[in-house]
Amino acid sequence: MSENTIYSGLKQLGSHTDIPLTPEEAVLERVANPQEGTPYCVRFTAPEFTSLCPMTGQPDFAHLVIDYVPGKWLVESKSLKLFLFSFRNHGAFHEDCTVTIGKRLVDLLEPEWLRIGGYWYPRGGIPIDVFYQTGAAPLNVWIPEQGVANYRGRG
């Protein structure tokens, strides 16, 4: 395999990488989209996302679903995983975590379209669902429903 590929600039993939201590320290990496010009949707699901309540320091848990229609760039999945892991010791409200993730990806990728659904498990008896998207979904791409059921508890 040639040394000069679309992957040659990646620093984290294929090597030991420590989990960043904060989302600000986390490095998201991107690769050229080998299917640029072909409309398609990419989905990442993080069913065990964790952050901390900024007031109590107690853990908060969410099921995240990230969908995007790429343009020139794809997010490198290991860097995304490490970025998401960096929230484990980060104190922020659910809304801030969800929207921050979406905006960081938009800044990095400049996608045709992106949405993130943050389905947060209850704290204080109330589940919070947070949704962010960059605009109307493209009509020429199949974008499935996120498929996360409303929280029902034991019900």
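The backbone N, Cα and C atoms fix where each Cβ goes, glycine too.
Quick look at what Swiss-Prot lists:
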| type | residues | note |
| --- | --- | --- |
| ACT_SITE | Cys53 | active site, thioimide intermediate |
| ACT_SITE | Asp60 | active site, proton donor |
| BINDING | Val75, Glu76, Ser77, His94, Glu95 | substrate binding site |
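Features per Swiss-Prot, on structure.
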residue: Cys53; record: active site, thioimide intermediate; Cβ within 10 Å: 15
residue: Asp60; record: active site, proton donor; Cβ within 10 Å: 22
residue: Val75; record: substrate binding site; Cβ within 10 Å: 22
residue: Glu76; record: substrate binding site; Cβ within 10 Å: 21
residue: Ser77; record: substrate binding site; Cβ within 10 Å: 13
residue: His94; record: substrate binding site; Cβ within 10 Å: 20
residue: Glu95; record: substrate binding site; Cβ within 10 Å: 13
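When the Cα positions of Val75, Glu76, Ser77, His94, Glu95 are compared pair by pair, the longest gap among these substrate-binding residues is 24 Å. When the Cα atoms are compared, Asp60 (active site, proton donor) and Ser77 (substrate binding site) turn out to be 23 Å apart.
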